[in-house]
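Asks: Got a structure for you, questions after.
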Amino acid sequence: AHTGRMELSCGVGGSAAAPPGPGPPSAAAPAAPMEGEEYESLPSGASLGTHMMAGAVAGIMEHTVMYPVDSVKTRMQSLQPDPKAQYRSVYEALKKIVLTEGFWRPLRGINVTMLGAGPAHAMYFACYEKIKKSLSDTIQHGGNSHLANGIAGSVATLLHDAVMNPAEVVKQRMQMFNSPYKSVLACIRTVQKTEGFGAFYRSYTTQLTMNVPFQAIHFITYEFMQEQINPRREYNPRSHIVSGAIAGAVAAAATTPLDVCKTLLNTQENMALSSVNISGHLSGMVNAFKTVYQLGGVSGYFRGVQARVIYQMPSTAIAWSVYEFFKYFLTKHKLEKRT
């Protein structure tokens, strides 16, 4: 999400991350699927709550289930990692972290992610559904419009990332090797004291630059896959999982270079920055983009791509299937109550 989520974040995403991802992720971040006929008969007030509830649950699930892989991704994106924190694969990294730093180490920072993901995804989905519906009505008289999906996803991402960005900064600092922070609160206090409030939003523009294309690619791929394998748009968990996973993988791979820049802006790795004679803090995306190139060349932009795709596929699949399930379940429940 996400951002993204999902990272839809919601970037499910992000971060994650990777919006909805989820995506985010965070986001990064999941997206809201198309409405079936039965939703149209729901009172609109009820369905907003439904979307928020389904979105919050999907967001938290998406960011937490695959969290250890997200920790590995953050470290693999480090441009000048400590020799003790160099990993060849996701599996090897997890094994090494658990053996040398303790069993719970890959989960460090998960609490701040859960705190951010709930409200971020709830707002994300509510906003996505609302805008998508009014735009689809205008553009295609209620039909499925890819343009409407893309615009709705982008606007929803603005909101989602505003909530997730500070959580993401704290989370990534907690995930780094030899992280100096004892707890989430200690991290917030130190960053606030030494770098000022702006530090929590230093990667906001990069996050958005990443999540807007991420979400657009993600939603369009998801809807395209649904048209191929679930043309009647029924509640079909297998189709949601497959479509979500493919959409997440495509969007994650395509936006990895921006994710590497985001990680650099969030973590401000001192060793890497001093080696290219940058004193002070990197402030913006253009800076970050240049620095990544100086330190790692073109391949530097694709650091952690394997971890990012491995993280994003299940995350996006989880976010979509949980979201579709809740939407189906809550809608069915309300319809039964009315009849």
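The backbone N, Cα and C atoms fix where each Cβ goes, and this holds for glycine too.
On a predicted model such as this, the values are computed, not experimentally measured, just so you know.
Residues or ranges marked as region 'Disordered' by TrEMBL: 1-45. Per TrEMBL, the feature repeat 'Solcar' maps to 46-134, 144-228, 235-329.
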Asks: The repeat 'Solcar' (144-228): mean pLDDT?
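Replies: Per the prediction, mean pLDDT sits at 90 for the repeat 'Solcar' (144-228).
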Asks: By DSSP, what is the split of the repeat 'Solcar' (144-228) into helix, strand and coil residues?
Replies: 72 helix, 0 strand, 13 coil
Asks: Across the repeat 'Solcar' (46-134), what are the DSSP residue counts per state (helix, strand, coil)?
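Replies: Residue counts in helix, strand and coil order: 73 helix, 0 strand, 16 coil.
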Asks: May I have the DSSP-based helix, strand and coil counts for the residues of the repeat 'Solcar' (235-329)?
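Replies: When I sort the residues of the repeat 'Solcar' (235-329) into the three classes, I find 77 helix, 0 strand, 18 coil.
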